[in-house]
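Undergrad: Feature annotation from TrEMBL assigns Ca(2+) binding site to Asp27, Asp28. Taken from TrEMBL, the feature Fe cation binding site applies to His316, His321, His499. TrEMBL lists 1-66 with the feature domain 'PLAT'. The domain 'Lipoxygenase' annotation in TrEMBL covers 66-622. TrEMBL lists Trp51 with the feature site 'Essential for stabilizing binding to COTL1'.
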Amino acid sequence: MCSGSLTEDLGEIQLIKIEKRKYWYQDDWYLKYITVKTPVGDYLEFPCYRWITDEKEIVLRDGRAKLPRDDKTQILKQHRRKELETRQKMYRWKEWHPGFPLSIDAHSHSDLPRDIQFDNEKGVDFILNYSKAMENLYVNRFMHMFQSSWSDFADFERIFVRISNTISEYVMQHWKEDFMFGYQFLNGCNPVLIRRCTEIPKKLPVTMDMVECSLERNLTLEEEVKQGNIFIVDYELLDGVDANKTDPCTIQYLAAPICLLYKNLENKIVPIAIQLGQKPGPDNPIFLPSDASYDWLLAKIWVRSSDFHIHQTVTHLLRTHLVSEVFSIAMFRQLPAVHPLFKLLVPHMRFTIAINTKAREQLICECGLFDKANATGGGGHVQMVQKAMKDLTYSSLCFPEEIKAKGMDSKEDIPYYYYRDDGIKVWEAIKSFAEDVIHIYYESDEVVCEDVELQAFVKDIYVYGMRGVKASGFPKTIRTREKLAEYLTVIIFTTSAQHAAVNFGQYDWCSWIPNAPPTMRCPPPTEKGTVTIEQIVESLPDRGRSCWHLGAVWALSQFQDNELFLGMYPDEHFVEKPVKEAMAKFRRNLDEIVNTITERNKNKKLPYYYLSPDRIPNSVAV
């Protein structure tokens, strides 16, 4: 920060140039902003928020946001164009795997432009963080027994004791119960798969005889379906995905279960039938709560393991991390720093490209950390993303629309779906903020149509992010203020709230390993009546994989040291008063949501807080 004052009037200041002299050693300088005092006593702010590294000069404009059409002079038009040309050379698209959304063209974190790197690379070194996590959790003492099995469920507690919290402890005590199994589809860390069942699929030949003892309303199964009391979760995506073969000493297995659930008279959602494969047949029985207790328990464990895979690779990696990176690259390539939408979006892109680059370097690369404990490691996760791309649609990222499409929108019918309730409140608050900002800069739909930079940004996302797939439903252009508000809400909600909802609960729900096994070491059972406790323990992850898994879910659930939460904008990219007022209103709305959630959670054995705005980081940074 520095300020200067002028004694003579030079007319309106268009731009200021700064250059840093290079001394004997590299001394990067992070410049927040420059304040200039004019002869008439006005103060002008020139935001920078960039690293000044070598001897290049940086040219800054004052902090007032301007659309392309607002720039009249040649010098300002040229500055704008030049900035984008420079950025487009620095931020290049690259295909990481065929069929994936494109990502940044960089091999490692240190290849990235300095402005988007982590402040210190140590903070985001996955290998270091996981190892540190295992040390903190006191589990590295089991690592020398890498391939050995635990002796029973109680034995799992040996790696669990050090670090349980209220939710993880509750999970450990109740994980075998049907209500706990059902509850997680609504409010666990993957609350996005459950949908209302409108007809029982042919591939799941459940009969009334099978489930009669689970139904409580004296209705037939068909009638229960008609009344909207039956729900389904189908893991079809996992069908045909290759299981991890990176360790010849441990064969690993995947399944693609279908799970039928029922809303009982207490409005609790409980499982009533589980088939572990997609094709019905004598060697693919339908498991029921009335079966022998270990049969039913193992069937539920297989569903939980499948849920873990979809959660990590589709819900978390693809639908928050990779999508947010697309938004981020397109923003840097197409919106100059003076554009109001750059100023609005930049806090929600902080460190996203960096964390993803680091993940590709250490975590989800060939022979990366992901392969160590996950049955979808060694390439399975790549197949999953490729398959899941067909469901990555614009409307599925519009939170209220997606909830409605799954038939999960009625509060009366499904009262305990806190992910939905809190998510809609946060979505509305973000949308209202986006509308306020849009109305400051775009006085009509026509102005939206004419904004060439906005249209280039939207097109970049469609062409490179969604690979130009029409079926994705991503707009190629935006013609109205209303559509723009929705589009910006999708971006801000995905990078902040959606990521928080599916990331920060991982330790709570996945640290008790039988509730979220990252791999299974025996194939799914093909008949009933043979499962023993020994078989279940043999199927669950061995000691070494359990430790890696625990380190991972712990490290991923931690906030950054200097975390900025939703609505916190310490960098003053905007200087205008109306925007500051819009931000203050946004914060008031968010505070109200925090209070409502805190009130609801009082005295709850299982509080739901992942979508409380004071726990939603602004961006995908972990």
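From the backbone N, Cα and C atoms, a Cβ is placed for every residue, glycine too.
TrEMBL does not curate its annotations; it predicts them automatically.
Here the structure is a predicted model, which means the values were calculated and not measured.
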Undergrad: List the residues in the vicinity of the Fe cation site, defined as same-chain residues other than His316, His321, His499 with C-beta within 8 angstroms of the site's C-beta centre.
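TA: Along the chain, the qualifying residues are Thr315, Leu317, Arg319, Thr320, Ser324, Gln498, Val502, Asn503, Val620.
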Undergrad: Report the mean pLDDT of the predicted model across the domain 'PLAT' (1-66), rounded to a whole number.
TA: 79
Undergrad: Between the Cα atoms of His316 (Fe cation binding site) and Asp27 (Ca(2+) binding site), find the distance and write it as a whole number of Å.
TA: 37
Undergrad: His316, His499: which of these binding-site residues has the sparsest Cβ neighbourhood within 10 Å?
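TA: So among His316, His499, the binding-site residues given, the one with the fewest Cβ atoms within 10 Å is His316.
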Undergrad: What whole-number Å value do you get for the CA-CA distance of Trp51 (site 'Essential for stabilizing binding to COTL1') and His321 (Fe cation binding site)?
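TA: Pair distance, Cα basis, whole Å: 25 Å.
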Undergrad: Between the Cα atoms of Asp27 (Ca(2+) binding site) and His321 (Fe cation binding site), find the distance and write it as a whole number of Å.
TA: 32
Undergrad: Relative to the Cβ of His321 (Fe cation binding site), which residues of the same chain, six or more apart in sequence, are found under 8 Å away?
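TA: Same-chain residues close to His321 (Fe cation binding site) (Cβ under 8 Å, separated by 6 or more) are Thr352, Ile355, Asn356, Ala359, His499, Val620.
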Undergrad: Taking the Cβ of Asp28 (Ca(2+) binding site) as the centre, count every other Cβ atom within 10 Å, in any protein chain shown.
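TA: Here the count is 10.
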